[in-house]
Structures are given as C-alpha cells and as structure tokens.
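The GTP binding site annotation in Swiss-Prot covers Leu11, Cys12, Gly13, Lys23, Asp66, Asp97 and is backed by sequence analysis. According to Swiss-Prot, the Mg(2+) binding site annotation covers Asp97, on the basis of sequence analysis.
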Amino acid sequence: MQLNELNCVILCGGKSSRMGQDKSKLILKNQNLTQFQVNKFSKIFKNVYVSAKEDKFENHFNLIKDSLEFEVYSPMLALYSILSNFKNEFVFVLSVDSPKVGENELLKMLPFLEQNYKIIIAKTPLHKHPLCGFYHSSLAQTCKNFLEKNEQKIGFLFSEIKTKFVEFENEDAFLNLNFYEEYEKFKSELK
C-alpha cells in the first residue's frame, strides 16, 4: 500500500480557545494554515479533504462537514463524520495545527496498515497523538456508539480497538500550534 492510494483529512473544526482565533485561518507564507496543509498533503495523498462544522472556507476545499446527528463539538464527532464518508479503507487524519508532520512520519506509520490494526497513531515520549494517524473507515459505527454514550474523546477507542502506537523520539515534528507565540515562532522558522 502506498500513500498516494490513500485519502487524508485535515481537521479544522477545533475551537482554538487557547489561540484566541481560528487556527485554520492563521496566515503562513501568504496562505492560511489550512491551505498550507492541503498543499503539502496533496503532493502525498490521493485526495485531501477538510473536516469542519460548517463551510468556513467558501467552497475552496473538499469539505466533510460534521454530522448533524449529534449536537456536540468534539474530536469523536469529527472522526465519526469523516469515517462515515469512506468505505473499507484507511484514512489519514491530522489536525490543522500540526504543520511539521510530513512524509517521513507518514512513511514510518505506513507499514502497520498491512498488519492487523484498525488505528495507527503517532506516539512521542511525552504524548500520544490521536489527531495524527490512520483510522479504518469500519470504525464509524464504534465512534457513533461512543457519541451515543456522550464519550467524546478519541482515546476511548484505543482500549476497544486494536491500535498501534508508532514510536517517535522527536517531539518537534508533532508541534501543535496552540498558542500565538508557538505560531509566531513557527512562522519565523519558515522564512
């Protein structure tokens, strides 16, 4: 299996409360962070989609909107909505605020898609990264079951589903732009 046979979905629906503004629209090199991620991953994957609660991008991207079945704002709802759009395949899911994840990290996770796992996510010494990994579309119903029990964290899946945590030593590749200072620092590194 090759990366260019797979689909990628960039999650853009977070509240961005720590950042104080919508992270998906932060500007990097004359484009917003969403466009930055879509451009990068379009060179790697078959198709790149954007997941959000509503179309805040004026039809600029292939959009997967959150399901209206549940009136919550959560990663589990986003994952359920994403996986419901695909049939019998793995989908790479990444949050928009992880701009340093690239092909090297993907290639390290890729071989585990051929094994007996339904979830393959990145893990560093300090964190598991549930919003950086491959999820099998067959998990949509499991996500729905958790939503019906009002369990919103993707981490609940790991205890029920065969999950591979792919170990990475370098925390830097998994930087999350949670605060404005982190965004400013990353922006200055791009120059």
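Just so it is clear, glycine is given a Cβ too, placed from its N, Cα and C backbone atoms.
Within 10 Å of its Cβ, the residue among the binding-site residues Leu11, Cys12 with the fewest other Cβ atoms is Leu11. Of the binding-site residues Asp66, Asp97, Asp97 has the largest number of other Cβ atoms within 10 Å of its own Cβ.
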